[in-house]
Amino acid sequence: MAGETLRKIQSLLGEMVASFIFGFAVYSAILGSTIAQQPAAKVIIGLTVGFSAIGIIYSFSDVTIAHFNPAITLAAILTGKMGILCGLGYMLAQCVGFILAVCALLVCSPVGYKETLNVIRPAPAPFGADNLNVFFTEFFLTAILVHIAFAVAVNPYRPKVDTDGKFVDPDEKEPVDRRITAPLCIGLTLGFLAFMGLVTSGGAFNPGLTLAPVIMSNTWQHFWLYLGAQYLGGLVGGLLQVFVLYKLSSN
(Lines of atoms letter the chains of each structure in order from A and count residues from 1; the text may use other names and numbers.)
(Lines give C-alpha, C1' and ligand atoms only; values in the text may rest on other atoms or scores of the structure.)
Protein backbone atom coordinates (compact mmCIF):
# COMPACT_ATOMS: atom_id res chain seq x y z
CA MET A 1 0.00 0.00 0.00
CA ALA A 2 2.76 2.40 0.97
CA GLY A 3 4.69 1.45 -2.17
CA GLU A 4 1.67 2.17 -4.37
CA THR A 5 1.20 5.57 -2.72
CA LEU A 6 4.85 6.42 -3.26
CA ARG A 7 4.60 5.43 -6.92
CA LYS A 8 1.59 7.70 -7.39
CA ILE A 9 3.41 10.58 -5.72
CA GLN A 10 6.47 9.93 -7.87
CA SER A 11 4.31 9.86 -11.00
CA LEU A 12 2.66 13.19 -10.15
CA LEU A 13 6.03 14.71 -9.31
CA GLY A 14 7.42 13.38 -12.59
CA GLU A 15 4.56 14.97 -14.54
CA MET A 16 5.19 18.28 -12.79
CA VAL A 17 8.92 18.17 -13.58
CA ALA A 18 8.26 17.15 -17.20
CA SER A 19 5.89 20.11 -17.57
CA PHE A 20 8.45 22.40 -15.94
CA ILE A 21 11.22 21.37 -18.33
CA PHE A 22 8.98 21.67 -21.40
CA GLY A 23 7.62 25.03 -20.29
CA PHE A 24 11.04 26.41 -19.42
CA ALA A 25 12.43 25.30 -22.78
CA VAL A 26 9.59 26.80 -24.81
CA TYR A 27 9.33 30.04 -22.81
CA SER A 28 13.13 30.50 -22.99
CA ALA A 29 13.13 29.99 -26.76
CA ILE A 30 10.31 32.52 -27.20
CA LEU A 31 11.95 35.10 -24.94
CA GLY A 32 15.48 34.63 -26.27
CA SER A 33 14.60 34.77 -29.94
CA THR A 34 12.36 37.81 -29.38
CA ILE A 35 14.92 39.81 -27.39
CA ALA A 36 17.72 38.92 -29.80
CA GLN A 37 15.42 39.81 -32.72
CA GLN A 38 16.31 36.59 -34.45
CA PRO A 39 15.10 36.45 -38.07
CA ALA A 40 14.69 32.70 -37.60
CA ALA A 41 12.76 33.07 -34.34
CA LYS A 42 9.83 30.92 -35.44
CA VAL A 43 12.14 28.15 -36.60
CA ILE A 44 14.02 28.25 -33.29
CA ILE A 45 10.79 28.01 -31.32
CA GLY A 46 9.39 25.20 -33.46
CA LEU A 47 12.56 23.14 -33.17
CA THR A 48 12.71 23.74 -29.41
CA VAL A 49 9.13 22.56 -28.99
CA GLY A 50 9.74 19.39 -30.98
CA PHE A 51 13.19 18.40 -29.71
CA SER A 52 12.46 19.14 -26.06
CA ALA A 53 9.27 17.07 -26.21
CA ILE A 54 11.12 14.06 -27.65
CA GLY A 55 13.71 14.15 -24.88
CA ILE A 56 11.13 14.65 -22.14
CA ILE A 57 8.85 11.81 -23.25
CA TYR A 58 11.74 9.36 -23.55
CA SER A 59 13.06 10.45 -20.13
CA PHE A 60 9.81 10.44 -18.14
CA SER A 61 7.58 7.80 -19.75
CA ASP A 62 8.77 5.11 -17.30
CA VAL A 63 7.74 7.26 -14.33
CA THR A 64 4.66 9.19 -15.42
CA ILE A 65 2.19 9.64 -18.29
CA ALA A 66 4.42 12.35 -19.83
CA HIS A 67 1.51 14.27 -21.32
CA PHE A 68 2.65 17.70 -20.06
CA ASN A 69 -0.52 18.98 -21.71
CA PRO A 70 -3.86 19.22 -19.86
CA ALA A 71 -5.77 18.94 -23.15
CA ILE A 72 -4.42 15.41 -23.70
CA THR A 73 -5.11 14.43 -20.09
CA LEU A 74 -8.67 15.81 -20.08
CA ALA A 75 -9.41 13.98 -23.33
CA ALA A 76 -8.09 10.78 -21.71
CA ILE A 77 -10.43 11.30 -18.75
CA LEU A 78 -13.50 12.03 -20.86
CA THR A 79 -12.91 9.06 -23.17
CA GLY A 80 -12.52 6.68 -20.23
CA LYS A 81 -8.79 6.08 -20.68
CA MET A 82 -7.94 7.51 -17.27
CA GLY A 83 -9.69 7.81 -13.90
CA ILE A 84 -11.19 11.19 -13.03
CA LEU A 85 -9.31 11.85 -9.78
CA CYS A 86 -6.07 10.50 -11.18
CA GLY A 87 -6.40 12.64 -14.30
CA LEU A 88 -7.26 15.79 -12.37
CA GLY A 89 -4.19 15.19 -10.21
CA TYR A 90 -2.02 15.04 -13.32
CA MET A 91 -3.63 18.20 -14.71
CA LEU A 92 -2.89 20.05 -11.48
CA ALA A 93 0.70 18.80 -11.54
CA GLN A 94 1.07 20.01 -15.12
CA CYS A 95 -0.22 23.49 -14.30
CA VAL A 96 2.08 23.77 -11.27
CA GLY A 97 5.02 22.70 -13.45
CA PHE A 98 4.28 25.39 -16.03
CA ILE A 99 3.88 28.08 -13.35
CA LEU A 100 7.24 27.07 -11.86
CA ALA A 101 8.73 27.28 -15.37
CA VAL A 102 7.53 30.89 -15.65
CA CYS A 103 9.04 31.65 -12.22
CA ALA A 104 12.37 30.14 -13.28
CA LEU A 105 12.33 32.16 -16.50
CA LEU A 106 11.70 35.38 -14.58
CA VAL A 107 14.82 34.69 -12.51
CA CYS A 108 16.88 34.07 -15.66
CA SER A 109 15.42 36.83 -17.84
CA PRO A 110 17.62 39.87 -18.56
CA VAL A 111 14.55 42.08 -19.03
CA GLY A 112 11.87 43.17 -16.59
CA TYR A 113 9.07 41.12 -15.05
CA LYS A 114 6.27 42.66 -17.10
CA GLU A 115 8.19 42.66 -20.35
CA THR A 116 9.09 38.99 -19.94
CA LEU A 117 5.49 38.00 -19.31
CA ASN A 118 4.24 40.11 -22.20
CA VAL A 119 6.59 38.27 -24.54
CA ILE A 120 5.69 34.72 -23.47
CA ARG A 121 1.95 35.22 -22.91
CA PRO A 122 -0.04 33.78 -25.85
CA ALA A 123 -1.77 36.41 -27.97
CA PRO A 124 -3.03 36.71 -31.54
CA ALA A 125 -0.21 37.25 -34.04
CA PRO A 126 0.09 40.83 -35.37
CA PHE A 127 -1.27 40.00 -38.81
CA GLY A 128 -4.91 40.98 -38.35
CA ALA A 129 -6.22 37.66 -37.00
CA ASP A 130 -9.62 37.95 -35.30
CA ASN A 131 -11.05 35.86 -32.47
CA LEU A 132 -12.59 33.34 -34.87
CA ASN A 133 -9.24 32.80 -36.60
CA VAL A 134 -7.51 32.26 -33.27
CA PHE A 135 -10.19 29.92 -31.93
CA PHE A 136 -10.25 27.60 -34.92
CA THR A 137 -6.47 27.57 -35.26
CA GLU A 138 -6.04 26.44 -31.66
CA PHE A 139 -8.97 24.03 -32.03
CA PHE A 140 -7.52 22.25 -35.07
CA LEU A 141 -3.92 22.22 -33.83
CA THR A 142 -4.90 20.71 -30.49
CA ALA A 143 -7.24 18.20 -32.13
CA ILE A 144 -4.43 17.00 -34.42
CA LEU A 145 -2.00 16.70 -31.51
CA VAL A 146 -4.38 14.78 -29.27
CA HIS A 147 -5.48 12.45 -32.07
CA ILE A 148 -1.89 11.52 -32.82
CA ALA A 149 -0.97 11.21 -29.14
CA PHE A 150 -3.92 8.85 -28.63
CA ALA A 151 -3.09 6.79 -31.73
CA VAL A 152 0.53 6.15 -30.77
CA ALA A 153 0.50 6.26 -26.96
CA VAL A 154 -2.76 6.77 -25.05
CA ASN A 155 -4.95 4.38 -27.05
CA PRO A 156 -2.83 2.46 -29.60
CA TYR A 157 -4.39 -0.44 -31.44
CA ARG A 158 -4.35 -3.72 -29.52
CA PRO A 159 -5.88 -6.80 -31.16
CA LYS A 160 -8.37 -8.87 -29.17
CA VAL A 161 -7.00 -12.06 -27.61
CA ASP A 162 -8.69 -15.08 -26.02
CA THR A 163 -7.99 -16.59 -22.60
CA ASP A 164 -4.95 -18.38 -24.02
CA GLY A 165 -3.49 -15.15 -25.33
CA LYS A 166 -4.14 -16.03 -28.96
CA PHE A 167 -5.65 -13.57 -31.41
CA VAL A 168 -9.45 -13.82 -31.69
CA ASP A 169 -9.16 -12.91 -35.37
CA PRO A 170 -7.07 -15.65 -37.06
CA ASP A 171 -5.99 -13.19 -39.76
CA GLU A 172 -4.72 -10.71 -37.18
CA LYS A 173 -1.03 -9.89 -37.23
CA GLU A 174 1.17 -8.73 -34.39
CA PRO A 175 0.63 -4.94 -34.11
CA VAL A 176 3.47 -2.50 -34.57
CA ASP A 177 5.23 -1.77 -31.27
CA ARG A 178 5.01 2.01 -31.01
CA ARG A 179 6.66 2.35 -27.60
CA ILE A 180 10.03 3.17 -29.14
CA THR A 181 8.79 5.51 -31.86
CA ALA A 182 5.87 7.20 -30.01
CA PRO A 183 8.01 9.93 -28.37
CA LEU A 184 9.60 10.72 -31.72
CA CYS A 185 6.21 10.83 -33.44
CA ILE A 186 4.67 13.11 -30.81
CA GLY A 187 7.72 15.39 -30.70
CA LEU A 188 7.77 15.80 -34.47
CA THR A 189 4.04 16.50 -34.40
CA LEU A 190 4.53 19.22 -31.81
CA GLY A 191 7.29 20.66 -33.96
CA PHE A 192 5.29 20.94 -37.18
CA LEU A 193 2.20 22.19 -35.33
CA ALA A 194 4.28 25.02 -33.85
CA PHE A 195 4.81 26.34 -37.38
CA MET A 196 1.13 26.13 -38.35
CA GLY A 197 -0.24 28.83 -36.06
CA LEU A 198 2.35 31.49 -36.82
CA VAL A 199 0.07 34.05 -38.47
CA THR A 200 -3.00 33.56 -36.27
CA SER A 201 -2.83 32.28 -32.69
CA GLY A 202 0.93 31.93 -32.42
CA GLY A 203 0.51 28.17 -32.00
CA ALA A 204 0.11 27.29 -28.31
CA PHE A 205 -2.22 24.20 -28.32
CA ASN A 206 -1.45 23.53 -24.64
CA PRO A 207 -3.70 24.94 -21.87
CA GLY A 208 -0.94 24.68 -19.25
CA LEU A 209 1.55 26.54 -21.43
CA THR A 210 -1.13 29.15 -22.10
CA LEU A 211 -2.44 29.61 -18.58
CA ALA A 212 0.80 29.93 -16.58
CA PRO A 213 1.93 33.34 -17.92
CA VAL A 214 -1.68 34.54 -17.82
CA ILE A 215 -1.88 33.75 -14.10
CA MET A 216 1.54 35.23 -13.34
CA SER A 217 0.78 38.46 -15.21
CA ASN A 218 -2.85 38.64 -14.06
CA THR A 219 -3.74 39.58 -17.64
CA TRP A 220 -6.75 37.56 -18.74
CA GLN A 221 -7.37 38.96 -22.21
CA HIS A 222 -7.89 36.18 -24.78
CA PHE A 223 -7.28 33.39 -22.24
CA TRP A 224 -10.83 32.00 -22.59
CA LEU A 225 -10.42 31.92 -26.35
CA TYR A 226 -7.27 29.82 -26.18
CA LEU A 227 -8.35 27.49 -23.37
CA GLY A 228 -11.82 26.91 -24.79
CA ALA A 229 -10.45 26.04 -28.23
CA GLN A 230 -7.68 23.85 -26.83
CA TYR A 231 -9.86 21.77 -24.52
CA LEU A 232 -12.63 21.41 -27.11
CA GLY A 233 -10.18 20.54 -29.86
CA GLY A 234 -8.44 18.02 -27.62
CA LEU A 235 -11.73 16.35 -26.77
CA VAL A 236 -12.75 16.12 -30.44
CA GLY A 237 -9.35 14.68 -31.38
CA GLY A 238 -9.56 12.07 -28.62
CA LEU A 239 -13.15 11.09 -29.40
CA LEU A 240 -12.34 10.79 -33.09
CA GLN A 241 -9.47 8.39 -32.44
CA VAL A 242 -11.23 6.28 -29.81
CA PHE A 243 -14.68 5.93 -31.38
CA VAL A 244 -14.25 6.56 -35.11
CA LEU A 245 -10.70 5.90 -36.29
CA TYR A 246 -9.62 3.10 -33.96
CA LYS A 247 -8.93 0.03 -36.11
CA LEU A 248 -11.95 -2.27 -36.35
CA SER A 249 -11.63 -6.01 -35.88
CA SER A 250 -13.18 -8.33 -38.47
CA ASN A 251 -14.80 -10.32 -35.63
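Just so it is clear, glycine is given a Cβ too, placed from its N, Cα and C backbone atoms.
Listed as Cβ neighbours of the topological domain 'Cytoplasmic' (1-11) (distance under 8 Å, sequence separation of 6 or more from its ends, same chain) are residues 63-65, 90. Sequence annotations record features per position, and here Swiss-Prot assigns topological domain 'Cytoplasmic' to 1-11 (among others).
Here Swiss-Prot flags 12-32 (among others) as transmembrane segment, drawing on sequence analysis.
In the topological domain 'Extracellular' (33-42), helix, strand and coil residues by DSSP number 5 helix, 0 strand, 5 coil. The topological domain 'Extracellular' feature in Swiss-Prot is assigned to 33-42 (among others); the stated evidence is sequence analysis.
Annotation comment: Swiss-Prot describes 43-63 (among others) as transmembrane segment.
Residues or ranges marked as topological domain 'Cytoplasmic' in Swiss-Prot (evidence: sequence analysis): 64-86 (among others). Taken residue by residue, the topological domain 'Cytoplasmic' (64-86) breaks down under DSSP into 12 helix, 0 strand, 11 coil.
Listed by sequence, the residues of this chain that lie at least six past the ends of the transmembrane segment (87-107) yet keep a Cβ under 8 A from its Cβ atoms are 11-13, 15-24, 27-28, 31, 64-65, 67-70, 73-74, 76-77, 113, 116-117, 120, 208-209, 211-213, 215-216. The annotation transmembrane segment is assigned in Swiss-Prot to 87-107 (among others).
Residues annotated as topological domain 'Extracellular' in Swiss-Prot, with sequence analysis given as evidence: 108-133 (among others). According to DSSP, the secondary structure content of the topological domain 'Extracellular' (108-133) in residues is 12 helix, 0 strand, 14 coil.
Counting only same-chain residues 6+ beyond the ends of the transmembrane segment (134-154), those with a CB under 8 A from a CB of the stretch are 67, 69, 71-72, 75-76, 79, 81, 124, 178, 181-182, 185-186, 189-190, 193, 196-197, 200-201, 203-206, 222, 225-226, 228-238, 240-242, 245. If you look up Swiss-Prot, you'll see 134-154 (among others) marked as transmembrane segment, on the strength of sequence analysis.
According to Swiss-Prot, the topological domain 'Cytoplasmic' annotation covers 155-179 (among others), on the basis of sequence analysis.
Annotation comment: Swiss-Prot describes 180-200 (among others) as transmembrane segment. Within the chain, the transmembrane segment (180-200) has long-range Cβ neighbours (under 8 A, six or more residues past its boundaries) at 42, 45-47, 49-55, 57-58, 61, 66, 124-125, 127, 129, 133-134, 137-138, 141, 144-145, 148-149, 152-153, 156.
Feature annotation from Swiss-Prot assigns topological domain 'Extracellular' to 201-224 (among others); the stated evidence is sequence analysis. Counting only same-chain residues 6+ beyond the ends of the topological domain 'Extracellular' (201-224), those with a CB under 8 A from a CB of the stretch are 19, 22-23, 26-27, 68-71, 91, 94-95, 97-99, 101-103, 106, 114, 117-118, 120-125, 129, 131, 133-134, 137-138, 141-142, 145, 193-195, 230-231, 233.
If you look up Swiss-Prot, you'll see 225-245 (among others) marked as transmembrane segment.
Look at Swiss-Prot and you will find 246-251 (among others) tagged as topological domain 'Cytoplasmic'.
DSSP places the residues of the topological domain 'Extracellular' (201-224) in helix, strand and coil in these numbers: 13 helix, 0 strand, 11 coil. Listed as Cβ neighbours of the topological domain 'Extracellular' (108-133) (distance under 8 Å, sequence separation of 6 or more from its ends, same chain) are residues 27-28, 30-31, 34-35, 102, 197-202, 204, 209-210, 213-214, 216-217, 219, 221-222, 225-226. If one looks beyond the topological domain 'Extracellular' (33-42) by at least 6 residues along the same chain, the residues whose Cβ comes under 8 Å of a Cβ in the stretch are 110-111, 119, 194-195, 198.
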